């Protein structure tokens, strides 16, 4: 994808380089388009450099090689203080409260498109760019819209729903128009060291480590009982924080423990008794709900979509979008009704709304219900 150089030489773009193929190709494309490109490597986590697990040093090594190859200057900045205060402490507090947070969404909101953006502006940047699979469109009035990436399998708009107009107006997502195999092809053609580098998986600061081992360093585990809906003890857990709703693996309960022989799923948590409630079968009512409540709303346009408008939403990243409507919005809390019941709606996770290709924004789930009357009873 060799692009003819436009007269972009007076426009400085600082690219957040992670050491992966996506951000590498982001820098490559902008360089080909004639922008004044600089790279910035963010260190968001302290404590790994002396451990056996040390991805940051390897990533920085790859970033240095990319910058040398593309002949662009590199800034290395430590945002670990901001990350700890704005992302990680919230992550721990949510787990202590029995919820399941999504720190990658908060990292985008508080670090990549806040701390990094602000710092880039002090370095004279006109824009920042990242290797996200999403797109930004602008209308004649300067209003920005967040669109899904063209690669449906890689679309990351779900993780970017918190971005506001100012952040979008200063951001670029050059690979949002491309599909992942082509991104790798471009990297290989340009002889970039990252062309065959494995995609990172899992929560950014945990990486390939075992989640349980990592969390134990910060939160004391409180073992307890796993009970069925009758309150009968059917197993034991090592800590509620290790279980997310709808989880099947790791319960240690044989499928034949109950009468049905169906597999067991974690369905609810009782923080007062430190009990995990498990049910049999993925179609159990405790696992499936048509209503949810959510707060901490972020709308790309700056305001909530029209109530009872036909929308689509998803309650987890890999879920296909589901038809729904927002029934009410009051004091920063919304009530959402789906056309069909959704499995394992999880407090702490985000519900993100779409209208066609456009991501409208989202909110953090606070509860899941079978009816409006059930919501009113809970108030």
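Quick reminder: no glycine exception, Cβ is built from N, Cα and C everywhere.
If you look up Swiss-Prot, you'll see 107 marked as active site, nucleophile. Among the features that Swiss-Prot reports, active site, cysteine persulfide intermediate is placed at 204, with the record citing sequence analysis. Look at Swiss-Prot and you will find 16, 17, 18, 19, 20, 21, 22, 23, 42, 131 tagged as ATP binding site. Residues or ranges marked as disulfide bond in Swiss-Prot: 107-204. Summarising the annotation, Swiss-Prot assigns site 'Interaction with tRNA' to 132, 349 and lists sequence analysis as the type of evidence.
Features recorded in Swiss-Prot, as mapped to the structure shown.
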residue: 16; record: ATP binding site; CB count, 10 Å: 24
residue: 18; record: ATP binding site; CB count, 10 Å: 22
residue: 20; record: ATP binding site; CB count, 10 Å: 20
residue: 22; record: ATP binding site; CB count, 10 Å: 25
residue: 42; record: ATP binding site; CB count, 10 Å: 24
residue: 107; record: active site, nucleophile; CB count, 10 Å: 26
residue: 132; record: site 'Interaction with tRNA'; CB count, 10 Å: 26
residue: 349; record: site 'Interaction with tRNA'; CB count, 10 Å: 24
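Spatially, by CA atoms, the recorded positions 107, 132, 349 include one closest to residue 22 (ATP binding site), and that is 132.
Ranked by Cα separation from residue 20 (ATP binding site), the recorded positions 107, 132, 349 are led by 132. Nearest by CA distance to residue 132 (site 'Interaction with tRNA'), out of the recorded positions 18, 42, 349, is 18. On a Cα basis, residue 42 (ATP binding site) lies 12 Å away from residue 107 (active site, nucleophile). DSSP assigns residue 20 (ATP binding site) to coil in the three-state reduction, outside any helix or strand.
Under DSSP, residue 107 (active site, nucleophile) is assigned to a helix (H, G or I) in the three-state scheme.
When the Cα atoms are compared, residue 42 (ATP binding site) and residue 349 (site 'Interaction with tRNA') turn out to be 25 Å apart.
Here the C-alpha separation of residue 349 (site 'Interaction with tRNA') and residue 18 (ATP binding site) works out to 25 Å.
Among the residues 16, 17, 18, 19, 20, 21, 22, 23, 42, 131 said to bind ATP, no two Cα atoms are farther apart than 16 Å.
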